[in-house]
């Protein structure tokens, strides 16, 4: 008789994805982030579900309902801070996962990569709408500023913004619909994750060398299940340390003030994981130009397979490209720092230089360097 896990229609899918999956034997810890992202999504959906049981999406009671969760609900404070800081862990894993893909040339799996970009946009939209829900000062003004960017779209912009708001300003209708979208989007993300995995398992995983690893595959279980569990323990340790020792470290103090449309906070800024894109947006004086730069700062990921000039897939054996990759990483840290600073000298010019450098490295320097490396190796 065939093994149950290999014969049952449902178990067969799980078996082929997580148990008997042939995996390259040399994948490093950078390949852990896929499973960590899955864990983050699970944590966010679970904690979010329990928060939604006590939250009210009304402008008059939203702020109070979050306070009520923290003060009166059993372990409500734990669920709330796990959800808020879980989002930060989610984005840390996302950035590292994308960085891994860029470094080792995983973007050559086009379908998997493109679904990944759609996933990134979906998760960013979810996080943005979630930030609006507590209805603090930064929630309200963040929602106002970011939705207002759509008014830069010619001809239909203003109508579009008012349609999204459900009125002439961010108000009750906006909060209610943002809650509805924030609730449904993670399930859409989960469905997209399935598609992401489906396409990945069509080709099999990449590996650090960037070479074909069909001759050296090992089963996913027990080798990588145990490796993923170690990663998961580290993730949970970091998350719980953050939640239990300094839950407000990554938050904004302004969000402990209830939303007031009549008083603008001195510095409106999004959560830390959007600051790099916010810095790029602000570095262009023109509104439409800024919005386009903001969108393309993420969409630029889609052109990576097209600008792969190097004969080698991975950067593992390409020291010049490695140097550029780490300069790009440092540039993103710089942009994140600038995004949190006020719009004044010298931050304006630093932000503009960092923005130009970001696009230049990807569009000009990386392809040029790949050409040079090919020539050096007489390819």
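Backbone N, Cα and C atoms are what each Cβ position is placed from, and that goes for glycine too.
Swiss-Prot lists transmembrane segment for one of the ranges 267-287, 288-308, namely 288-308. Segment annotation: Swiss-Prot labels transmembrane segment over residues 77-98 (candidates 77-98, 143-164). Of the binding-site residues 196, 201, 196 has the largest number of other Cβ atoms within 10 Å of its own Cβ. Packing around residue 97 (heme b b566 binding site) is summarised by its Cβ count: 19 other Cβ atoms lie within 10 angstroms of its Cβ, all protein chains included.
Using CA atoms as reference points, the binding-site residues 83, 182, 201 were checked against residue 97 (heme b b566 binding site), and the closest is 201.
Around residue 182 (heme b b562 binding site), a 10 Å sphere centred on its CB holds 21 further CB atoms from the protein chains shown.
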